[in-house]
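Copied over from Swiss-Prot, here are the features:
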DOMAIN    5-70  domain 'J'
ZN_FING   133-211  zinc finger
REPEAT    146-153  repeat 'CXXCXGXG motif'
BINDING   146, 149, 199, 202  Zn(2+) 1 binding site
REPEAT    163-170  repeat 'CXXCXGXG motif'
BINDING   163, 166, 185, 188  Zn(2+) 2 binding site
REPEAT    185-192  repeat 'CXXCXGXG motif'
REPEAT    199-206  repeat 'CXXCXGXG motif'
């Protein structure tokens, strides 16, 4: 089967400019691309035909051979020196076309820049620091731009060279069936540059390992898991790319008195059994000092007293939480003989379980369970 004239395939005149040829090919490629015409074999054939025509007409040497000898001039089997289909013309157009369609566009030759990696630092602080806010200094390991080569990776007085494998694109095309796929260049690692004479300070990396000290402001009300972002304090970028960010993650230390629950605080308050039975006034700790609360008579262990506004005002809260005090009635120890005697007397004056409502309730449940 004879091949159609390549100018006819693209719908351009024989004296068409390179831009006209490229424009015509872009239009046909987008119209007949197999991804846009799944299962349409006719469209696939037209796509291949347009691709072949552009491969020849976009290359000045191949176009000249085609204009002089026709298809025989570019057929590798004819022996007339056309060179076959290896060139970069199609690759560039393919990249431009599908960069337009899918938002990519890897056809330029700008040095590839990469943003530096983000860093994480776990910071332990006390409950009081979290409640009131504080400022502290941290020391972190990171990668900074090399001061000797200023990030180029090349020895001073020399310059990186363009990677010959990818032509400075940082990516290469690998043919897979009828399609070509872009991949990171294995030779330059995607930078598009090669360093033949590396910098002695960074050994060609363009970045060096260092420790730096930063001051971090901790806002009042932070809690475990909260993150503080320090923009641009992460690792340095590559080829002049922007630095990453540093995320300081807050972790609260255990407190000897309080436990935090959101904006509320909890604490246990031991009281004597005499105070629990007769009532009284006790002094309890808060983050702002001490406060006094009245304990009513017959207070049971586990009773909770709420002090409103004595908790923590969270970062995103409009008002502070509460302090919840859990009463813990203590059993006396190290009793003297006189104290033991008085307790025995008290027990003797307590007929049945009337003075112990919980015990009475428990015994009633036991009797009900056994049916007695």
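Here the Cβ of each residue, glycine as well, is placed from N, Cα and C on the backbone.
Swiss-Prot feature annotations superimposed on the structure.
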residue	record	Cβ within 10 Å
146	Zn(2+) 1 binding site	20
149	Zn(2+) 1 binding site	24
163	Zn(2+) 2 binding site	20
166	Zn(2+) 2 binding site	25
185	Zn(2+) 2 binding site	20
188	Zn(2+) 2 binding site	24
199	Zn(2+) 1 binding site	22
202	Zn(2+) 1 binding site	23
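In the three-state DSSP reading, residue 202 (Zn(2+) 1 binding site) counts as coil.
Of the recorded residues, residue 199 (Zn(2+) 1 binding site) and residue 188 (Zn(2+) 2 binding site) place their C-alpha atoms 16 Å from one another. Annotated Zn(2+) 1 site 146, 149, 199, 202; additional same-chain residues within 8 Å of its Cβ mean position, judged by their own Cβ, are 147, 148, 150, 151, 152, 153, 154, 198, 200, 201, 203, 204, 205, 206, 207, 208. Of all the binding-site residues in the record (163, 166, 185, 188), the one with the smallest CA separation from residue 146 (Zn(2+) 1 binding site) is 188. As a whole-number mean, the pLDDT of the repeat 'CXXCXGXG motif' (146-153) in this prediction is 90. The distance from the Cα of residue 188 (Zn(2+) 2 binding site) to the Cα of residue 202 (Zn(2+) 1 binding site) comes to 17 Å. Only residues 6 or more beyond the boundaries of the repeat 'CXXCXGXG motif' (199-206), in the same chain, are considered here, and those with a CB under 8 A from a CB of the stretch are 145-149, 151-156, 238-239.
Note: the CA-CA distance between residue 163 (Zn(2+) 2 binding site) and residue 149 (Zn(2+) 1 binding site) rounds to 19 Å.
Under DSSP, residues within the domain 'J' (5-70) fall into helix, strand and coil as 48 helix, 0 strand, 18 coil.
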